[in-house]
């Protein structure tokens, strides 16, 4: 079943006439055309009969025509009202309720004479949750490039270097491999600074005998990677090394349990129980992982409350961590493809 037919099924289920998609990544997912419209309207209308209409600034029309999109294009000037160029009456319209602003909703009511709204967010999330072979190949390449980033960062470590300097070196050097954009702000934290799970790299200087936490990812042809390694620089103290070994055991055990049909919460419990049994449960404050694809964090989450089942074609992260203020912060994260038989680890830098 195609992506569009899934949307049509949802239109029928909710007795709606059309779906209105405005999130740039979701529009790309359905059309193959990516745009960052800023304040301008950029939207895909999918009608119950399968017709697709893309609204975009007129200056982008030729780019859309050169893409894989085969539907109708409504290009508008900044001085024009896009809705006046495609007059419609849509009784019930499905929208991305998590993203559409109140102002845009008012425009839809006026422009398309909408009487009621439904939600198409979950349907799109479920579609994006299962990756195609093409998507998997892009994520695999993004993961390979993330491995290279870690390699670049580790090779640059030296006593006295700052966190910020290591970040800059990674992001500048990886451009030589064709990377134009990181998945998110690269994180490099030294020693006990890594006890802040989302710390900001700064001017802290690297000392001998401490851990260095790298959390980073790259975007390859719109698809993200996201990995974390905690690397020895010298010989950290005994407690820090004990924490590292516990996190590694938790991650390894959780990954080995991955296969279709297993509830996501069970994977979280495996890692969390290991950490708790070793006395560090209170220092593991976040979920075990999340979905990965066009965004570095997407549906579904690997958490203690998610009863949904793992399915072949999902790509998730597994990232247990222990963060003890004044001592150390350790997180290890890999990107995992759920296969028919079990799993494939996509990130490979040594642990």
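Using N, Cα and C of the backbone, Cβ positions are placed for all residues, glycine too.
These features come from Swiss-Prot:
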type	residues	note
BINDING	215, 226, 333	Mn(2+) 2 binding site
BINDING	226, 290, 319, 333	Mn(2+) 1 binding site
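Feature map: annotations from Swiss-Prot on the structure.
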{"residue": "215", "record": "Mn(2+) 2 binding site", "Cβ within 10 Å": "24"}
{"residue": "226", "record": "Mn(2+) 2 binding site", "Cβ within 10 Å": "27"}
{"residue": "290", "record": "Mn(2+) 1 binding site", "Cβ within 10 Å": "20"}
{"residue": "319", "record": "Mn(2+) 1 binding site", "Cβ within 10 Å": "25"}
{"residue": "333", "record": "Mn(2+) 2 binding site", "Cβ within 10 Å": "24"}
Nearest-integer angstrom distance between the alpha carbons (Cα) of residue 319 (Mn(2+) 1 binding site) and residue 333 (Mn(2+) 2 binding site): 4
Residue 290 (Mn(2+) 1 binding site): secondary structure state under DSSP, collapsed to three categories: strand
Env. residues of Mn(2+) 2 site, Cβ within 8 Å of mean position of 215, 226, 333 Cβ: 216, 217, 227, 228, 317, 319, 331
Cβ-centroid neighbourhood (8 Å) of the Mn(2+) 1 site, 226, 290, 319, 333 excluded: 227, 228, 289, 292, 296, 317, 318, 334, 335
